[in-house]
Amino acid sequence: MHSMISSVDVKSEVPVGLEPISPLDLRTDLRMMMPVVDPVVREKQLQQELLLIQQQQQIQKQLLIAEFQKQHENLTRQHQAQLQEHIKELLAIKQQQELLEKEQKLEQQRQEQEVERHRREQQLPPLRGKDRGRERAVASTEVKQKLQEFLLSKSATKDTPTNGKNHSVSRHPKLWYTAAHHTSLDQSSPPLSGTSPSYKYTLPGAQDAKDDFPLRKTASEPNLKVRSRLKQKVAERRSSPLLRRKDGNVVTSFKKRMFEVTESSVSSSSPGSGPSSPNNGPTGSVTENETSVLPPTPHAEQMVSQQRILIHEDSMNLLSLYTSPSLPNITLGLPAVPSQLNASNSLKEKQKCETQTLRQGVPLPGQYGGSIPASSSHPHVTLEGKPPNSSHQALLQHLLLKEQMRQQKLLVAGGVPLHPQSPLATKERISPGIRGTHKLPRHRPLNRTQSAPLPQSTLAQLVIQQQHQQFLEKQKQYQQQIHMNKLLSKSIEQLKQPGSHLEEAEEELQGDQAMQEDRAPSSGNSTRSDSSACVDDTLGQVGAVKVKEEPVDSDEDAQIQEMESGEQAAFMQQPFLEPTHTRALSVRQAPLAAVGMDGLEKHRLVSRTHSSPAASVLPHPAMDRPLQPGSATGIAYDPLMLKHQCVCGNSTTHPEHAGRIQSIWSRLQETGLLNKCERIQGRKASLEEIQLVHSEHHSLLYGTNPLDGQKLDPRILLGDDSQKFFSSLPCGGLGVDSDTIWNELHSSGAARMAVGCVIELASKVASGELKNGFAVVRPPGHHAEESTAMGFCFFNSVAITAKYLRDQLNISKILIVDLDVHHGNGTQQAFYADPSILYISLHRYDEGNFFPGSGAPNEVGTGLGEGYNINIAWTGGLDPPMGDVEYLEAFRTIVKPVAKEFDPDMVLVSAGFDALEGHTPPLGGYKVTAKCFGHLTKQLMTLADGRVVLALEGGHDLTAICDASEACVNALLGNELEPLAEDILHQSPNMNAVISLQKIIEIQSMSLKFS
């Protein structure tokens, strides 16, 4: 027991944490027994590690690049900041230098002024102390010559015997001084143009020349120049009709004439010196207008001294009678009435006696209103080319023509419609309103300022008598014309009724005409000839110049005028029909020849000056088509469309420029095609017509200029404030986009004119007045949508015209063929659901990658309009480009069969010529020839009885579009076209075209409804 315990104790002494040390195993056989790694796996591991390393390197590289860029940007910003600071420093230095230079210049100017002032101060004392006996100035050679001439004339005057009766006005020194005194530079002095001041002249009695020498001073040449400049300024200021006279009095023509005669006889100096220099010779000079001469008469001084009485008593009356005493040949655009100079033998004798009396210097009885005694004189009035003994007759003729001018002025101002009556002879026949307007005006109406003599009372009475007789004749002729108008208007009304009898109308017309000719009095030869000519030409020349009339005061006169205007309205509008309109209505108007209306075409007196179409009494031909359609081809064009251009004026950056239509118009003129066509006067389309397709906001925005826009509601004009209408272009102009430029003043008018030209031309073709037509218009329109302007287009001319024809002229079915290389997205949008209009477009599509991106083959319409929208969308780009073969194949397989099935009443063609060869790829890039366009037009003329209207759309190569326009107009005229090449006729279209056509046929075969 004890031994067991001791053994346990021994075992417990061994350390528990120590392990027995085993020997190192150095055998290699155990390693060979371990599993071997597959080399493929090892390769993959290595590749993964390599990729990981590469990724780490890329990340490190990107980090380095980013760090480099960041540092580079920081350095760049620092460099820019340093440059800005350096520039600021340079600018500051430059400004300081400029300020220093300015200060130096100012200092230099001050020094120069100071030196000049000192120099003048040094020169003044010698001048102030100069002896008065010495000369103060040296006279110029001109002044010396004038002085010598004056002294010679003075000595000649002394040599001639002088008495109280032989003093002429031109040689009286005191009178010369009086006339010269009025050339002072006072504000009330008259200008050099011949108008006289309103104050009166006081002429002192005759004095000896030794006591009153007329020379006031001897002016040197610089003084003359200064005076002439000041006089010219005063003359320019006083000659303005807008400035009132400070004197306050009305200057009569008679007073002006009397002073002008006096002044012209005493002074004829140069314009530079005025009347301050003496006369050139002993005789007076002719006045500015060369209408009168004042010879030295025994009573010249008496005549001048009595001038004040004449002016005071008769100036106002004469002013009210004859407001313009000159230019009898001006007729204000109306034919002058022949003067009556051969009234009777007694009148001739009276004129002869008066002429003899005038030659002797004795005034006629009552010549100056009865205020001049018999001893006064009257200057001889000589006209150019007239002897002195015929002065009275020439003056009489002059006054008669002046009275006619006054009557014509009343006619233009709103008097009697055709033959106004003279207020001199028949004051009781003028309405109170008219009589009130012809009282003495406070401000004289503007007219030519002349110095012809005013008529005298005896001559005025003669004028009154002759004008009264002439007025009676004209009044009878006017009444006859009104009666003939009534009869002819009745005959026209009978023609419109089915049971009208032309023979009865003719007999009634002839009977009334004979009765009026019997009642017409026969007075003078000229009056009778005028009367007969007026009656004979009444039927052929129906119509007269309609002048705006002033409203009459009395109700009775207003009713009479209203009745007469109503009776004449139907008849007066007939001459305004254009020749093409009358030709189209030849079937309806053939019976009018029986009553004298066959001269309607021959006598076209007055053409309309408005841009709107002329109104007609007969029914509109579009409502009831004539039996035979017109045979003419119309051309619509207006120069207003040339003004639509960018303000930069560079046509190279803007392909849609004014040279397009200008070149086409010139080509048509050069080839003579324009002479074979009917020129159609264009007009601006109304906003209501534009709103047939476009929204009200769009039509107001692009259809009005800034002047018109001020009158519109700004809320309608601006619309959505968030919408941006115009933007600045790189060239400096404005535009809707980078291509569609906008001119604030002219673009709206040009766009409306383009629409109006197409409407006018299509209306005349639809009504039968024209066979077909071509509208040479710009800007184009087939890209313009309801509220969007794009692609050079603002208003869709063809779409608006189509709706106008359908709504206004009842054209039920219209075919629109778009030949432009770009798709007409605006036209498609306007008629996408409309079954009355078939739209066919041939355009480059390229799967939507060509502008405007629309026009896919599967866009066939919607609703009732499904199948009435056909897009011949070419694909495949320009490898190869489409040409004549492809377009002819499209017409043969799709356009012609579908159009014949549709059977349109009218064909509108969007004639875009940018598919022609010569256009760059961005603008088209196709290779269609101009000859092909002519043949395509000829094929379209087989539809709708030939009623085809082409409207220019795109096309920017000038030579190409001119050739195509010439070919199309030749086709419209029916001329022989240049044949296409044989290889084109027998060639097959390219594969891209075949694929496109097959796809279109497949799609349309399922959607066409009218087949």
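First residue shown is number 1, and so on along the chain.
Backbone N, Cα and C atoms are what each Cβ position is placed from, and that goes for glycine too.
What you see is a predicted model, and the numbers here were worked out from it, not measured in a lab.
Record features (Swiss-Prot):
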ACT_SITE  HIS783  active site
BINDING   CYS646, CYS648, HIS654, CYS731  Zn(2+) binding site
COMPBIAS  262-285  compositional bias 'Low complexity'
MOD_RES   SER22  phosphoserine
MOD_RES   SER220  phosphoserine
MOD_RES   SER240  phosphoserine
MOD_RES   SER451  phosphoserine
MOD_RES   SER554  phosphoserine
REGION    110-139  region 'Disordered'
REGION    136-154  region 'Interaction with MEF2'
REGION    175-343  region 'Interaction with MAPK10'
REGION    183-249  region 'Disordered'
REGION    218-261  region 'Interaction with ETV6'
REGION    262-304  region 'Disordered'
REGION    494-536  region 'Disordered'
REGION    631-978  region 'Histone deacetylase'
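Sequence features annotated in Swiss-Prot and their locations in the structure.
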{"residue": "CYS646", "record": "Zn(2+) binding site", "DSSP (3 states)": "coil"}
{"residue": "HIS654", "record": "Zn(2+) binding site", "DSSP (3 states)": "coil"}
{"residue": "CYS731", "record": "Zn(2+) binding site", "DSSP (3 states)": "coil"}
{"residue": "HIS783", "record": "active site", "DSSP (3 states)": "coil"}
So if I measure Cβ to Cβ from CYS648 (Zn(2+) binding site) and keep only same-chain residues at least 6 apart in sequence, which ones fall under 8 Å?
LEU729, CYS731, GLY732, GLY733
List the other residues in this chain whose Cβ sits within 8 Å of the Cβ centroid of the Zn(2+) site residues CYS646, CYS648, HIS654, CYS731, in sequence order.
GLN645, VAL647, GLY649, ASN650, SER651, THR653, LEU729, GLY732, GLY733, ILE741
What is the interatomic distance between the Cα atoms of HIS783 (active site) and HIS654 (Zn(2+) binding site), given in whole Å?
17
If you count CB neighbours within 10 Å, which one among the binding-site residues CYS646, CYS731 has the smallest count?
CYS731
Number of Cβ atoms other than its own within 10 Å, given for HIS654 (Zn(2+) binding site):
22
Can you count the other CB atoms that lie within 10 A of the CB of the residue listed as 'active site'?
28
Would you mind giving the whole-number mean pLDDT across the region 'Histone deacetylase' (631-978)?
92
